[in-house]
Amino acid sequence: MSTYVAALILGLGAGAVYAALGLGLVLIHRASGVVNVAHAAFAMYVTYQYAELRDVGDIVLPVVGLPPRIHLTDSPTFTLALTVSLAMAALLGLLVYFLIFRPLRHAPPVLTLVASVGLMIALQALAVLQFGSDNRFIDSVLPQASFSVFGVTVPIDRPLLAMLVAAIGTLMWAVSRWTLFGLATKAVAESDEAVEQFGYRPEAVAAVSWVVASVLGALAGILVAPISVLSPSTYTLFIVPALAAALLGGLSSFGATIVGALLLGMLQSVLLPLQHDVPWLNQPGLRTLFPLIALIAIAVTRGQLIPGRARAVSVAWLPRAESTGRPLRDLAVLVPVGMLALFVLTGPYRLGLERSLAAAVVCLSFVVLTGFAGQLSLAQMSLAGVAGFLLARLQGGLGVPFPLAPLLATAAATAAGLVLGALSRRIRGVDLAIVTLTAGVAFQEIIFVNPLITGGLAGSVVPPPKLFGFDLGVAGEGFPRLEYGLLSLAVFAACGFGVARLRTSTSGLRMLAVRSNERAASAVGVDAARTKLLASAASAGIAGFGGCLIGYGQGRLSFDSFGVFASLFFLAIASVGGVMSVRGAVLGGLLAPGGVVFTVLDNFGHLARYQSLLCGVALAVLVVVRPEGLAYNARRPQPARHAEVAR
């Protein structure tokens, strides 16, 4: 019993971090309507700044290509490091708002979410470039005393951290309830006109809220660093439980967010001794199920995760679908050009093209799910991973031959996509994106990290595909072999043709109708739920084919191949290319890790290490200036004058 009580107290530390980040999410959403999934990555980056200043007295500039750091002092103190770090957090938060999210103030919520994904990718990549990816340990800033609970010694810093966050939350509630600015912050959630009655500009209220949230998140990161491990990936994924806690309060209640976060942290902590006492629970990653279960429960009971905002906003046009014959015309050009390039290119450039073709297949899955059906998934590479790792088990472990093995693996990915797609019957848009992000983390921690499933550090070997005795693998004499490139091109052409035919079919037209206006589509007899399920299944199947190609191309798969950050990166490159067309998927494939652009950057100045940073920045910028993607060239429809909707 004492062990469980001690675990509950220790869980207050993690719960306090989730609560602090969740409070920032609530504040940002109340003031600007943005679900900022980059909030934890922002806190991570400022925490690295604090650590660097505390250790060597340097301020690291958040840019590349300029003098990397400024030496401030030889004897940095805690007060100096904390003050400078929080000031930098305030400044960066202000810049992020004015450069990215203020221009998107009247954009659809999905676009602001995608912009925050780009910001998350950029911040994580920048942290890796400037500080490395190794774990880092920081001296504690809280008292190191301890106390005894039922004979078990427990450090006092966890309860202190929880009380500190609770005090901050109470102060935020008091400001929100009893001050003029707090009332204005609540009013801006209803309409821009309402906040102007208090004498404030909506942009000013949002800017101050972004600054406060950024400072609060940075403070949480700095305080929790000594009781956790500071790393770019671990800190960035704190956003998942923080989102779950914030959504328990409807992204509006400070108190519910704190209570939900503390309970979540305590439940995750008590799972550790429970796994020791109950052997069948001793499975990796089960703690990641708690946020997912919480979000699904909210979605089922409320029908939505994020309450609709009542303020009127200008109608943001949806990219017009291209003509029905355009995808086939694109394929008629792209496939012969790709074949010619495979024969002409050799060495790393052919390998880059082959990897780009495999990635382009995954990007095609976004064309179906997002471009046609208007749904946003942050777990597409998780579905590709289901197919990839199952392919390794079927073909490598059970001896199932090609092409039966990849077909079965793709069928499994399709089934997994249907499970995720079932959620779209109740939720959509940003809600669905948040749930799929949480599901992607669960896939990574429960399935992909499990050595019994994926082979652990050694990975899973994927034997080369062979058909009628012909080796179609990438390895062997003449590496990278032309045969694998032709196989990748054939799979891309087949999937592209399927997407083109779907665009002209009745099902494709129903998807476009649901994307445009789900209620109107239902009113004219379109079964929206069935249509979204079909889109999820087709998209997952295409992603599964892409996962199989990636497995054949790499020869050995590891959990990093299909982790949650891979899903986010593929969303970035697919969005940069454009999710409305086949050629957009090709452009996204060219930007993929190990693809053509990567190879070119690596051979000219070793610039490939900047690829993730560039893609993250490009996604955030393009959402502002060209949300339809680089490959989109259909004429924009003219928005109706004075059209307004309630979001």
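From the backbone N, Cα and C atoms, a Cβ is placed for every residue, glycine too.
For 6-27 (among others), the entry in TrEMBL reads transmembrane segment. With a threshold of 8 Å between CB atoms, the same-chain residues lying at least 6 positions outside the transmembrane segment (6-27) that come near it are 35-36, 39-40, 43, 149-150, 152, 154-155, 157-159, 161-162, 164-166, 168-169, 172, 185, 209, 212-214, 216-217, 219-221, 223-224, 227-228, 238-239, 241-246, 249, 251-254, 257-258, 260-270, 272-273.
Here TrEMBL flags 34-51 (among others) as transmembrane segment.
As annotated by TrEMBL, transmembrane segment applies to 78-98 (among others).
The transmembrane segment annotation in TrEMBL covers 110-132 (among others).
Sequence-distant contacts of the transmembrane segment (160-183) (same chain, six or more residues past either end, CB-CB distance under 8 Å): 12-13, 15-17, 19-20, 23, 27, 142-143, 198-200, 205, 208, 216, 220, 223-224, 227, 254-255, 257-258, 262. Under the heading transmembrane segment, TrEMBL lists 160-183 (among others).
Residues annotated as transmembrane segment in TrEMBL: 204-229 (among others). Only residues 6 or more beyond the boundaries of the transmembrane segment (204-229), in the same chain, are considered here, and those with a CB under 8 A from a CB of the stretch are 13-14, 16-17, 20-21, 23-25, 27-28, 30-32, 36, 39-40, 42-44, 46-47, 50-51, 82, 85-86, 89-90, 92-94, 96-98, 101-102, 105, 135-142, 155, 157-158, 161, 164-165, 168, 181, 184-185, 188, 195, 235.
Annotated transmembrane segment per TrEMBL: 288-307 (among others), in sequence order.
Beyond its flanks by at least six residues, the transmembrane segment (398-420) meets 377, 379, 382-384, 386-388, 390-391, 435-436, 439, 465-467, 472, 533, 536-537, 539-541, 543-545, 547-548 of its own chain at Cβ-Cβ distances under 8 Å. Marked as transmembrane segment by TrEMBL: 398-420 (among others).
The transmembrane segment annotation in TrEMBL covers 482-502 (among others).
Per TrEMBL, transmembrane segment is recorded for 559-577 (among others). Sequence-remote contacts of a segment are chain residues at least 6 beyond its ends whose Cβ falls under 8 Å from one of its Cβ atoms, and for the transmembrane segment (559-577) they are 114, 117-118, 120-121, 124, 233, 236-237, 359, 362-363, 366-367, 370, 378-382, 384-385, 388-389, 437, 440-441, 443-444, 448-449, 454, 547, 550, 583-593, 612, 615-616, 618-619, 622-623, 629-631.
Same-chain residues lying 6 or more positions outside the transmembrane segment (584-601) and placing a CB less than 8 Å from one of its CB atoms are 334, 348-349, 351-353, 355-364, 366-367, 371, 496, 569-570, 573-578, 607-608, 610-611, 615, 629-632. Here TrEMBL flags 584-601 (among others) as transmembrane segment.
Long-range Cβ contacts of the transmembrane segment (607-625) within its own chain (Cβ-Cβ under 8 Å, at least 6 residues beyond either end) map to 64, 100, 103-104, 107, 111-112, 114-115, 117-126, 128-129, 569, 572-573, 575-576, 591, 593, 597-599, 601. Residues annotated as transmembrane segment in TrEMBL: 607-625 (among others).
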> Relative to the transmembrane segment (34-51), which of 78-98, 110-132, 482-502 accounts for the most Cβ pairs at distances under 8 Å?
Replying inline: 110-132
> When you scan the chain for residues with a C-beta under 8 Å from the transmembrane segment (482-502), skipping those not six or more beyond its ends, what do you find?
Replying inline: 327-328, 330-331, 334-335, 338-339, 342-343, 350, 353-354, 357-358, 360-361, 364, 367-368, 372, 464-465, 470-474, 508, 511, 538, 542, 545, 549, 552-553, 582, 585
